[in-house]
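Report on one structure; see the data block that follows.
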Amino acid sequence: MEKNGHGANGHDPKAAAAALALGSPGHSGPEGGRKLFQFLGAGAACLFAVCMGTTMGWTSAANRLLKSGEITDTEYSLIGAFMPLGALCAALPYRPRRGQVGPQEHDARAQPHPAWMIIVARFIIGAAIGSISMIAPLYSNEIAHKSVRGTLGGFFQFLHTCGVLFAYLLGWAITGPSMTWISVICGCVPLVAGVTFFFFPDTPTWYLQQGRNDEARRSLIKFRGHDYPEDLLQAELDDIINELNAAAANKKTLKQAFTTKEAKLGLGLSMTLMVVQQLSGVSAVVFYAAKIFKSAGSTLSEDLAAIVMGACLAGATLVSLFLVHRYGRRLLLLVSGAACFICNVILGIYLLLLKNNGTEAMEPYGLIPIVTMSLFMVLFSFGYGPIPWTYMTEVFLIDIRGPAVSVATITNWIMVFISTVGFQPLQDAVGIYTTFFIFAAVVFAGSVVVLLFLVETKDKTPQEIQEELRRGRRRLCSGSA
């Protein structure tokens, strides 16, 4: 068996491939072949993330039901909480095929009465989203050449933020107490995603796992282009085959597989990034955007304030797709963490002054929470927004990748549930300003972990990443190496 990522023909793809920049999606150089179909495939898989975004943004629009007296504060909190609860129940450790990503979202949001029907529907939707949030990033990772893996990995978060913004825009454009049309329009999104994704093949890795080698070759040709050099094509297939053979030759129980240093460090880092992503305050802000802006004494309308925040989130995530290719994961996480820490502290101080001095005295500074949270969203989107979804698919070998990604995804949804359910009680107990100081402390702790332990994965093969994890080497500037 060949080692160090060499194929069976002894060819070293890293040495042979030209060191070319990302360029346009249609770039046809040897490094990764044509990129267009890789971009389209990842985009199609991650269209389901739009469903995830509309489901989360829908909660902010549903605030009108609370205002009209159709639901209580407790019911509103449960509506927000049961979606992530369904998601974490669905994200169980298994390795699905690509075809299991589909229009599974049975949307019942058009029924506003009684509240329990909305809560049950949110749980069902959450179950579909839980599967999507695990499968779509895996699919993007398995079709991507290492030169664009970070960019394609960010598609999931970008389209998620587009879904959130879309729901905010619907909430602003469709007035009145009813949520019927907002729910119907949001319910059409998974249908569009399912039809689009139907036309894309399974990943080469999945075909090889099933022993369907000819189909694996055709799939890789589809994603790399028909003019992709045969030696590089074969080298990629050989790398996957060698990894599968190594996993089969050293077959271990799942518990044994997670006892290696690289597996434990990779899992710990993936889970840490998911914890910080959600306990940075972002989910609470998304779910309770309207309440936060109102409690901050902002003069901007609640709907428009939410739209501004959503636009910042989506726009910055789009920019991050290009930044992650150039600067890597580690540097962007450090910058993002530092900025989110500062924003949380500023917002906490502002809200403390608001409590002590009253709305009238702070009226000249009413834009501070909007500017601060918008800046938070921009800088969050550069690092802790997209990178955890990418990183969790990069740091594991095939034999444990599915279960490990499941654990990381479950961690994410547990944190979403905790932040959603716990935000209001925590705010009531210690004040909203202290709540944001707690978010700041979480981001600070996460940034320390990134600084000390996180291994850069930019432009590295799975074998190279495993070697870095095994050595435990961390270099501050490795993201630009």
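Even glycines carry a Cβ here, placed using N, Cα and C.
Annotation source TrEMBL lists domain 'Major facilitator superfamily (MFS) profile' at 1-458. TrEMBL lists 36-55, 115-139, 151-174, 180-200, 265-289, 304-324, 331-353, 365-384, 404-424, 430-455 with the feature transmembrane segment. The coiled coil annotation in TrEMBL covers 230-257.
Mean per-residue pLDDT, taken over the domain 'Major facilitator superfamily (MFS) profile' (1-458), amounts to 80. When each of 36-55, 151-174, 365-384 is checked for Cβ pairs under 8 Å to the transmembrane segment (115-139), 36-55 comes out on top. The transmembrane segment (365-384) makes no contact with the transmembrane segment (36-55), as judged by fewer than three Cβ pairs under 8 Å among residues 6 or more apart in sequence.
Below 8 A, the CB atoms of the transmembrane segment (304-324) and the transmembrane segment (430-455) form no more than two pairs separated by six or more positions in the chain, fewer than 3 in all. With a cut-off of 8 Å between Cβ atoms, the residues of this chain six or more beyond the transmembrane segment (151-174) that come close are 22, 38-39, 42-43, 45-47, 49-58, 60-61, 64, 133, 136-137, 140-141, 143-144, 181-182, 185-186, 189, 286, 289, 303-304, 306-307, 309-311, 313-314, 317-318, 320-322, 324-325, 381, 385-387, 389-391, 393-394.
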